[in-house]
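J.: I am attaching a structure below and will ask some questions about it afterwards.
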Amino acid sequence: MIYSKRLILVVGPTGTKKSYLANMLAKKLNVPIISADAYQVYKELNAGVNKPSEKTLSEIKYHFISNISIFDEWSIAHFNKRAKEILEQAPDWTIVCGGSHLYVNSLINDYQLEKQELDTDLFDALDKLDNQEIFNQLCEYDFQEAIKIGKNNRKRLLRALYLFKKYGKKAKNDSKKFDYVVVKCMSDKEKLFPYLSKRLDEMIHDLNWTKEIEYLDKIITDKKLDKELIAMKALGYKEIYDAWKNNQPIDKEIINKKFKRLVKHQLTWTRNKFNDGMKQFTFNFFEDDANRTCDEIIEYIKSNHD
């Protein structure tokens, strides 16, 4: 099936102001935003996941922000199915914004996750790998998704890697299912890393991250559930939790190192993927004017796809 709806993908590493640009573009075009973020969907997570503000949510129609509890199941298949249902009712253009690239990839390449026939040769070959080997390979495709799943959840690791190996690169005669314009939000690491370090300080001190961790610990304990919930694997949450539980100072250097590792993977992914859309734009928050970038995108859309 080829869909008539068109997408504006706003992708890039964490900290490159994807949401800032997407929000501005959504207001100018009066279109909704589908959040392709692995953690913003959980209503209990706030301080560490950079959700849109209440003011922004009152001005822009967002999907997959605070939709479910950390105790609910959420996966690529859930996102894929729900996003397609939303797009059936959406206007001609919809923005998809987020750093969980497997989510974005599953949508534009129309993964049929519920109906797929198993490629037994590929699955059997991957099943011979140990958990660390599967984890390492998945990191090359989507570092954030690999971290979210964790090294010990073999079933989910294997499924995610299988999806990438099977569907991540389309066959030469396969056509994309959604037409899309892509905006790649990029920045030099030399400018991005200091910014991320400063943002981490703000998340810890201004947004009461530790207080949120204390609340999460209480509700998880009350339900007598394992602390190893998928939602709690969002970047920084384990480190903040361990520091709080052991009454120790937060080791910001460890969290910063994980941010840097994530960014390096996301930079490589963003450069190499989403290159077969109708038009590609780039946005560097440190150098480019967001208004001008939005106007260029809108001019292209109006002049080519009325």
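In case you wondered, yes, glycine gets a Cβ from its N, Cα and C as well.
The following feature annotations were taken from Swiss-Prot:
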| type | residues | note |
| --- | --- | --- |
| BINDING | G12, P13, T14, G15, T16, K17, K18, S19 | ATP binding site |
| SITE | S100 | site 'Interaction with substrate tRNA' |
J.: Between S19 (ATP binding site) and S100 (site 'Interaction with substrate tRNA'), how many Å separate their Cα atoms?
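T.: The separation of the Cα atoms works out to 13 Å.
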J.: Between K17 (ATP binding site) and S100 (site 'Interaction with substrate tRNA'), how far is it from one CA atom to the other, in Å?
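T.: Counting only the Cα atoms, the answer is 15 Å.
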J.: Around G12 (ATP binding site), which residues of its chain at least 6 apart sit with Cβ under 8 Å of its Cβ?
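T.: Expected: K18, G99, K184, C185, M186, Q266, T270, F283.
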J.: Give me the Cα-Cα distance between S100 (site 'Interaction with substrate tRNA') and G15 (ATP binding site), rounded to a whole Å.
T.: 13
J.: Let me check the 10 A CB neighbour count of G15 (ATP binding site). How many other CB atoms are there?
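T.: For G15 (ATP binding site), the 10 Å Cβ neighbour count is 24.
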J.: Can you tell me how many other Cβ atoms are located within 10 Å of the Cβ belonging to P13 (ATP binding site)?
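T.: Taking all protein chains shown, P13 (ATP binding site) has 24 Cβ neighbours within 10 Å.
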J.: Per DSSP, T16 (ATP binding site) is which: helix, strand or coil?
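T.: Coil, per DSSP.
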J.: Determine which residues of this chain, when G12, P13, T14, G15, T16, K17, K18, S19 are set aside, have a Cβ within 8 Å of the centroid of the ATP site's Cβ atoms, and list them as they appear in the sequence.
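T.: Going along the sequence, the neighbours come out as G99, C185, S187, F285.
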